[in-house]
Protein chains: 2
Amino acid sequence: MASTPKIYVAIVGVGLVGSEFINQLLSIPSSPFHLVSLTSTTRTIFNHSHPISSAWKSDLSASADRPDLHKLTQQLSALVSPTQKVALIDNTSSEDVAALYPTWLSTGISVITPNKKAFSSDVALYDQIVAASRTGGRFLNEATVGAGLPVIGTLKDLVTTGDKRSFGVKMRARSCSLFVPVVATSGGDSHAQQVIKIEGVFSGTMSYIFNEFSTGKADGPAFSSVVKIAREKGYTEPHPADDLNGFDVARKLTILSRIIASPSLPKLQSFASVETASLIPPALENIPTGDEFIARLPEFDAHFAEMRAAASAAGQVLRFVGVVDVVNGRVRAGLEKYPTTHPFATSLGGSDNIIMFHTERYGARPLIVQGAGAGAAVTAMGVLGDLLKLT
Amino acid sequence: MASTPKIYVAIVGVGLVGSEFINQLLSIPSSPFHLVSLTSTTRTIFNHSHPISSAWKSDLSASADRPDLHKLTQQLSALVSPTQKVALIDNTSSEDVAALYPTWLSTGISVITPNKKAFSSDVALYDQIVAASRTGGRFLNEATVGAGLPVIGTLKDLVTTGDKRSFGVKMRARSCSLFVPVVATSGGDSHAQQVIKIEGVFSGTMSYIFNEFSTGKADGPAFSSVVKIAREKGYTEPHPADDLNGFDVARKLTILSRIIASPSLPKLQSFASVETASLIPPALENIPTGDEFIARLPEFDAHFAEMRAAASAAGQVLRFVGVVDVVNGRVRAGLEKYPTTHPFATSLGGSDNIIMFHTERYGARPLIVQGAGAGAAVTAMGVLGDLLKLT
């Protein structure tokens, strides 16, 4: 219970998020962490006796060692002991790095990451990760959804404190009486769920595009011009189709669905199992470059303008949302319409994420988390928040 | 790293929140917790060999033992060992129970509670608690602000991952570029803060009253009638002055301010040091009963109606908010005006809490948490979420 021993930290990936994370980590006063290893795409350093300092960039570029994750696994697992924790921070978006999580976890190394791949790809990998973490290291992935926003932690609290009552009439009765306590009766239907539905704008890119494009008015800027500006500002991937396909949202929904793990939800084989309504016009499905894609997108402006006008006529806005609908057993991503009085219309701005948790306890008025859901500073903060949970 | 030993849990307070908490706790499948003690205002049970089950109510009322917190301290501290955690859950709102936290913490017992008293009263008690927790048990108090909403946890993450850069021009430059990473430079001005301002509707009672009273229109129901209905629904304390004095909000602000612990904030001697603008008309300051208070409140309806009309004329609503203004070094609770387009006007409803964190990293668009901030079910969930952090 007294003073905690130092925790050894190794970082793979030193790009935008990685660099920001290292700087945040090294700024912690009286830090409980020893940074022992860095790995970029071209170099690596490992030094467990002299922890890495703020001169890390020059130290790393001066290193003659090439990245070797299998050697790193050996070096780190040699440090693990019953009294010594080791954390590996994966700040890449690599499938190859993700594939090593079960190995790391089973040797007692904890894995902390904003990389969505391991938790949203093949369910076999995910199951291995969960199994390895039961007896080995911990895995923490708050920053995979909403960056530094408290999304995964909130969902885990909702799920682990779930009282598994059946809902329906009960839920309706509670909706207008937040102050009147409902005493839970333990036991009951184990298939019933505390979480009823999660609904949100999970992509900062999609948030920006539709906050600009659809404000409730019948007209506005052309869809293609909004996408073009978003790309120029660096809000989209180099090829905007990589955002407009909805896969980023499908991956985040997969991560959340697997945490809920309700028998009423489909067991997602991978993020590809999510019902995802891509925004890429079929004629532009296989355009090889972003420039070409942007050049041809205006051909479809009339189509998007029509949807906007129809929504406006009904007092609605368009938003690209993700929904985990536990009650109806559906996980879907796509463009949906919301009244102009809905928080997705009134409260959202910039490239914010907004996530609504509809649960039994929160009744008719959901728990809402909102804020920047992308960017290196807030993503690194989400990762560091997880690392601090190991202390 | 392998299987965790059981954690012994003792609960003081079995009222609305306490009962709900016990039922939630006993519903956890493969629970890592052993419930060893319950204490009500009139009885206590302690049984470390046969953990308490769902028959707890009859067991407790059948007990001949009177509550004795000093004896409980001895019983629990005897269970603490380097491999054995013990948690005391204070589900009361008692100052007397709060005064024992330093003793419990220093013997290695962790304290988890929705009771605001210890963290918002005399700073000497708070300092003792913090000091005792450094070498002893942990204290976790998520449910003291916003019940089950992730407020304290989010603030702690913001503070502990804070990079302590100076702000000003930098902040403005970042406000419209959430996707463009700002690489932090470590070191710098240690007086600068990651958290710039926290602003929110922290009282469910005040939220309900002003959501009903001030909608942006020039007229509406009389203030006294809204308070009367809120009281009838059980949303206020039996004596509504206990809500209208703003002390509940001042206590919550004190808790948040002490977590931020910025040298630019006043060191609050207690919640009474918060600049609190009470809503109790001076002439009604010392009305002894709630009934009398409600009977006389209509005398002041014109005053509140005038404020509402003035706000409406300026396109604003009235909300009773709490503000921790780190930059300007002020902590205040009172009635303020917000544009009808502000989330406090558009997004708020029912008796929801809404809390905005303005920070350097989140730039011009704050991190927002919203939802029910009171009620036994969500408060118990906040407490149980904390308890699960000990596993």
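A Cβ is built for glycine as well, from the same backbone N, Cα and C atoms used for every other residue.
All annotation found in TrEMBL is predicted automatically rather than curated by experts.
If you look up TrEMBL, you'll see A:Gly13, A:Val14, A:Gly15, A:Leu16, A:Val17, A:Gly18 marked as NADP(+) binding site. Per TrEMBL, domain 'Aspartate/homoserine dehydrogenase NAD-binding' is recorded for A:13-138. Feature annotation from TrEMBL assigns NADPH binding site to A:Thr92, A:Lys116. According to TrEMBL, the feature domain 'Homoserine dehydrogenase catalytic' maps to A:181-388. Per TrEMBL, L-homoserine binding site is recorded for A:Glu237. Annotated active site, proton donor per TrEMBL: A:Lys252, in sequence order.
Features per TrEMBL, on structure.
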residue  : record                    : Cβ within 10 Å
A:Gly13  : NADP(+) binding site      : 23
A:Val14  : NADP(+) binding site      : 21
A:Gly15  : NADP(+) binding site      : 15
A:Leu16  : NADP(+) binding site      : 17
A:Val17  : NADP(+) binding site      : 27
A:Gly18  : NADP(+) binding site      : 24
A:Thr92  : NADPH binding site        : 23
A:Lys116 : NADPH binding site        : 21
A:Glu237 : L-homoserine binding site : 15
A:Lys252 : active site, proton donor : 30
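Within 10 Å (C-alpha to C-alpha) of A:Leu16 (NADP(+) binding site) lies none of the recorded positions A:Lys116, A:Glu237, A:Lys252.
Within the set of binding-site residues A:Thr92, A:Lys116, A:Glu237, the entry lying nearest in space to A:Val14 (NADP(+) binding site) is A:Thr92 (CA atoms).
The Cα of A:Gly13 (NADP(+) binding site) lies closest to that of A:Thr92, out of the recorded positions A:Thr92, A:Lys116, A:Glu237, A:Lys252. Looking only at Cα atoms, A:Lys252 (active site, proton donor) sits nearest to A:Lys116 among the binding-site residues A:Gly15, A:Gly18, A:Thr92, A:Lys116, A:Glu237. Listed recorded positions: A:Leu16, A:Thr92, A:Lys116, A:Lys252. Those with a CB under 8 Å from a CB in chain B, in sequence order: A:Leu16. Secondary structure by DSSP for the domain 'Aspartate/homoserine dehydrogenase NAD-binding' (A:13-138): 54 helix, 20 strand, 52 coil. The average per-residue pLDDT of the prediction over the domain 'Aspartate/homoserine dehydrogenase NAD-binding' (A:13-138) is 95, rounded to a whole number. A:Thr92 (NADPH binding site) sits 8 Å from A:Gly18 (NADP(+) binding site), taking the C-alpha atoms as the reference points. Within 8 Å of the centroid defined by the CB atoms of A:Gly13, A:Val14, A:Gly15, A:Leu16, A:Val17, A:Gly18, the record's NADP(+) site, lie the Cβ atoms of A:Ser19, A:Glu20, A:Phe21, A:Asn91, A:Thr92, A:Ala376, excluding the listed residues themselves.
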